[in-house]
Amino acid sequence: MNNIVLIGFMGSGKTNVGRRLAEKLDALWLDLDDMVVKEAGCGIQELLEKEGEDGIRSRERQALEALMDRREMVISTGGGVVELPENVRLLHLLGTIVFLQMEPEQILENIEQEEDRTSFLGEDLAAKVNELLEVRTPLYVGCADVIIQTKDKKVEAIVEELIGLL
């Protein structure tokens with residue numbers, strides 16, 4: 001099995017879909033954010049404060065490089081991984097890239113449910129989400145091999161659709 005790499009905005013379901021897809025395919029599931037945090041020895045918020053976005057993107061690149069020789073994995077990435085062209089190149093080398101595309105309103109609703117996600121986006125959450133989506137959506141679309149519209153779909157339905165497309 002070729003690796004499957006899930007991309008999309010924070011709160012778009014990459015973690016839940018990734019876990020379930022890996023179970024269905026009897027594959028290893030990895031979360032790139034978890035790898036970055038483990039390597040850094042601190043939480044994503046603290047890492048962001050210490051090293052900024054550039055530091056996180058660099059750590060993502062290192063984590064992706066460490067996965068290059070592995071197969072039969074489902075990898076859930078961080079929402080901003082596509083902002084560094086080198087990361088996009090590595091994602092393509094890793095496997096099939098799937099963009100989980102979610103409506104901005106649903107993303108905002110999902111993010112608001114998790115305090116650790118809202119803290120580093122600032123006071124005007126909706127404005128920050130829209131600003132980031134404006135930058136990232138073309139990047140997601142541009143590097144995706146497969147785009148899944150997730151509107152009004154449960155995790156299981158997304159997983160089944162994805163399996164059907166792969």
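Keep in mind that glycine also has a Cβ here, set from the backbone N, Cα and C atoms.
Features as listed in TrEMBL:
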- GLY11, SER12, GLY13, LYS14, THR15, ASN16, ARG117: ATP binding site (BINDING)
- THR15: Mg(2+) binding site (BINDING)
- ASP33, ARG57, GLY79, ARG136: substrate binding site (BINDING)
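Known features from TrEMBL, placed on the structure.
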{"residue": "SER12", "record": "ATP binding site", "Cβ contacts under 8 Å, 6 or more apart": "GLY79, LEU100, GLN101, MET102, ILE107, ASN110, THR150"}
{"residue": "GLY13", "record": "ATP binding site", "Cβ contacts under 8 Å, 6 or more apart": "LEU100, MET102, ASN110, THR150, VAL155, ILE158"}
{"residue": "LYS14", "record": "ATP binding site", "Cβ contacts under 8 Å, 6 or more apart": "LEU6, ILE7, GLY8, SER76, THR77, LEU100"}
{"residue": "THR15", "record": "ATP binding site", "Cβ contacts under 8 Å, 6 or more apart": "ASP31, SER76"}
{"residue": "ASN16", "record": "ATP binding site", "Cβ contacts under 8 Å, 6 or more apart": "VAL155"}
{"residue": "ASP33", "record": "substrate binding site", "Cβ contacts under 8 Å, 6 or more apart": "ILE44, SER76, THR77, GLY78"}
{"residue": "ARG57", "record": "substrate binding site", "Cβ contacts under 8 Å, 6 or more apart": "GLY80, VAL81, GLU83, LEU84, ASN87"}
{"residue": "ARG136", "record": "substrate binding site", "Cβ contacts under 8 Å, 6 or more apart": "PHE9, GLY79, GLY80, VAL82, GLU83"}
If you draw a 10 Å sphere around the Cβ of GLY11 (ATP binding site), how many other Cβ atoms fall inside it, taking every protein chain shown into account?
-> 20
Across all the protein chains here, work out how many other Cβ atoms are within 10 Å of the Cβ of GLY79 (substrate binding site).
-> 20
Looking at substrate and its recorded binding residues ASP33, ARG57, GLY79, ARG136, figure out the farthest C-alpha pair and report it in angstrom, whole number.
-> 17
